[in-house]
Amino acid sequence: MGVFDPIKGFGVTFSTMFRKVVTEEYPEVKKIPAPRFHGKHQLNRHPDGLEKCVGCELCAWACPADAIFVEGGTNTEDERYSPGERYGMDYQINYLRCIGCGLCIEACPTRSLTMTNEYETADDNRRDLIFTKEDLLAPLLPGMEQPPHPMRLGNDEQDYYVRGPELARQAGVPEGETVETGPEEARR
C-alpha cells in the first residue's frame, strides 16, 4: 500500500461530490419507457367498442411459458362481443409465468393483443398477478358502447377487418389516436 493511495481515494470522493445527481425519484417521478418496450398486455377493441379477440387461442399456443389461457365462446345476435362467430369468453394471463417475449403478440391474427408501456405489475399477492379479461381490456373511449351489442360499423366481420381505419375515422376517433393506444399514448 502506497502513501498516496488514501489521497487517490479521497480524490474520487471529492470529484463525485460536485457532479450532477443521477438518482431517480422513482414512485413520484416515473420514467417513460421506449415505445418498443414490452410491458403489460392489453386486449384491444374496435371503434364501436366490440372486442377484437375472436377466441382463436393462437396466443396461448405461441406462449413458450404457458402463461396464457383462452376459452372461446360463441356470439349470438342477442349477445355479440366481437364481430366474428366467436369471442374470447375467458381470457387470463399469468404474470408469474410471463417472460415478456411478445410471441403472443405476433401470433394474434386480429391484432387484438398488444403490449403497453405499463411496467408496474408487482404485487404482494400471487393471485393478483393472474390478470383476467376485465383487467386486460382496453378502456372504452368516447363514442364506444359497452358490449354486448349488435355490430354498429357494418353488416359482417369483413367490414371491421377490411375497412377498419376508414370506419374508425367515421366513428370519430381523433387523428393520431388509435383504438389500441388511447388518449394517454397519443399525447406522447
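Glycine is treated like the rest: Cβ placed from N, Cα and C.
Lifted from Swiss-Prot, the feature list:
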DOMAIN    43-73  domain '4Fe-4S ferredoxin-type 1'
BINDING   CYS53, CYS56, CYS59, CYS108  [4Fe-4S] cluster 1 binding site
BINDING   CYS63, CYS98, CYS101, CYS104  [4Fe-4S] cluster 2 binding site
DOMAIN    89-118  domain '4Fe-4S ferredoxin-type 2'
REGION    166-188  region 'Disordered'
COMPBIAS  172-181  compositional bias 'Low complexity'
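Under the DSSP three-state reduction, CYS53 ([4Fe-4S] cluster 1 binding site) is assigned to coil, being neither helix nor strand. One residue stands out among the binding-site residues CYS53, CYS56, CYS98, CYS101, CYS108 for having the most other Cβ atoms within 10 Å of its Cβ: CYS53. Nearest to CYS98 ([4Fe-4S] cluster 2 binding site) in space, judged by Cα atoms and limited to the binding-site residues CYS53, CYS56, CYS59, CYS108, is CYS59. The Cβ centroid of CYS53, CYS56, CYS59, CYS108 marks the [4Fe-4S] cluster 1 site; residues of that chain outside this set whose Cβ lies within 8 Å of it are VAL54, GLY55, GLU57, LEU58, VAL70, GLY88, CYS104, ALA107, PRO109, THR110, SER112, LEU113, given in sequence order. In sequence order, HIS41, CYS59, ALA60, ALA62, CYS63, ILE68, LEU113 make up the list of same-chain residues 6 or more apart from CYS104 ([4Fe-4S] cluster 2 binding site) whose Cβ falls under 8 Å from its Cβ.
With every protein chain in view, the residue among the binding-site residues CYS59, CYS63 whose Cβ has the most Cβ partners within 10 Å turns out to be CYS59. Mean model confidence of the domain '4Fe-4S ferredoxin-type 1' (43-73) amounts to 94 (pLDDT, 0 to 100 scale). Mapped onto three states, the DSSP output places CYS63 ([4Fe-4S] cluster 2 binding site) in coil.
DSSP classifies CYS101 ([4Fe-4S] cluster 2 binding site) as coil under the three-state reduction. CYS108 ([4Fe-4S] cluster 1 binding site) sits 14 Å from CYS101 ([4Fe-4S] cluster 2 binding site), taking the C-alpha atoms as the reference points. Note on the domain '4Fe-4S ferredoxin-type 1' (43-73): DSSP counts are 5 helix, 9 strand, 17 coil.
Annotated [4Fe-4S] cluster 2 site CYS63, CYS98, CYS101, CYS104; additional same-chain residues within 8 Å of its Cβ mean position, judged by their own Cβ, are CYS59, ALA62, PRO64, ALA65, ALA67, ILE68, ILE93, ILE99, GLY100, GLY102, LEU103.
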